[in-house]
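Annotated in Swiss-Prot:
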BINDING   GLY47, GLU48, SER49, ARG102, ILE128, ARG129  L-glutamine binding site
ACT_SITE  CYS76  active site, nucleophile
ACT_SITE  HIS165  active site, charge relay system
ACT_SITE  GLU167  active site, charge relay system
Amino acid sequence: MKIMGILGIQGDIEEHEDAVRKINCIPKRIRTVDDLEGIDALIIPGGESTTIGKLMVSYGFIDKIRNLKIPILGTCAGMVLLSKGTGKEQPLLDILNVTIKRNAYGSQKDSFEKEIVLGGKEIHAVFIRAPQVGDILSKDVEIISKDDENIVGVKQGNIMAISFHPELSDDGVIAYEYFLKNFVEKN
């Protein structure tokens, strides 16, 4: 059984753990850099990206995660943290060749749910102060999901990033299955 680490600094950690169990993987909450040992993949959940970034710096996660050779899934703020830039000064992992528009859909009250397609399957996506991809900075970045014309899912190498919260919808398991099949099992 594959072990999926979930960065346990902020966000819907328990909901991600439940989703990981649904795809017959073992969740492991990552609270220290030592916890990264022995995992097959890492999930960076949503939350507040500036706060998570500062905590990642404080706990020594930035360089450790940058040097991981395992698949990484970033959801919402996790997408922001993986990116090359946001137009705002904040700590980033700087490993996904995209720029991000933070809070592209507006404030908390502008949050919404919508059916979108990921990996050829329809999924009920929950967008909470969600980001969008601004610019794609290299040819190896592939678009895997859109909301109308807005890019809300990309992949590059062993990295997958989505701007919505799959852990908050009943069929969000589709996103985890996609990550497992297309990244974790191929690693």
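For all residues, glycine too, the Cβ spot is worked out from N, Cα and C.
Feature map: Swiss-Prot annotations on the structure.
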residue: GLY47; record: L-glutamine binding site; DSSP (3 states): coil
residue: CYS76; record: active site, nucleophile; DSSP (3 states): coil
residue: ARG102; record: L-glutamine binding site; DSSP (3 states): coil
residue: ILE128; record: L-glutamine binding site; DSSP (3 states): coil
residue: HIS165; record: active site, charge relay system; DSSP (3 states): coil
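Calculated from their C-alpha atoms, the gap between SER49 (L-glutamine binding site) and GLU167 (active site, charge relay system) amounts to 17 Å. It is HIS165 that, of the recorded positions ARG102, ARG129, HIS165, has its Cβ surrounded by the most other Cβ atoms within 10 Å. Sequence-distant neighbours of GLY47 (L-glutamine binding site): residues of the same chain at least 6 apart with a C-beta under 8 Å from its C-beta are ILE9, GLN10, GLY11, CYS76, ALA77. When each of the recorded positions CYS76, ILE128 is scored by how many other Cβ atoms sit within 10 Å of its Cβ, ILE128 comes out lowest.
Cβ contacts within 10 Å of GLU48 (L-glutamine binding site), excluding its own Cβ and spanning all protein chains shown: 15. Of all Cβ atoms in the protein chains displayed, 26 besides its own lie within 10 Å of the Cβ of GLU167 (active site, charge relay system). Other residues of the chain with a Cβ within 8 Å of the Cβ centroid of GLY47, GLU48, SER49, ARG102, ILE128, ARG129, the L-glutamine site, are GLY46, CYS76, ALA77, VAL80, ASN103, PRO131.
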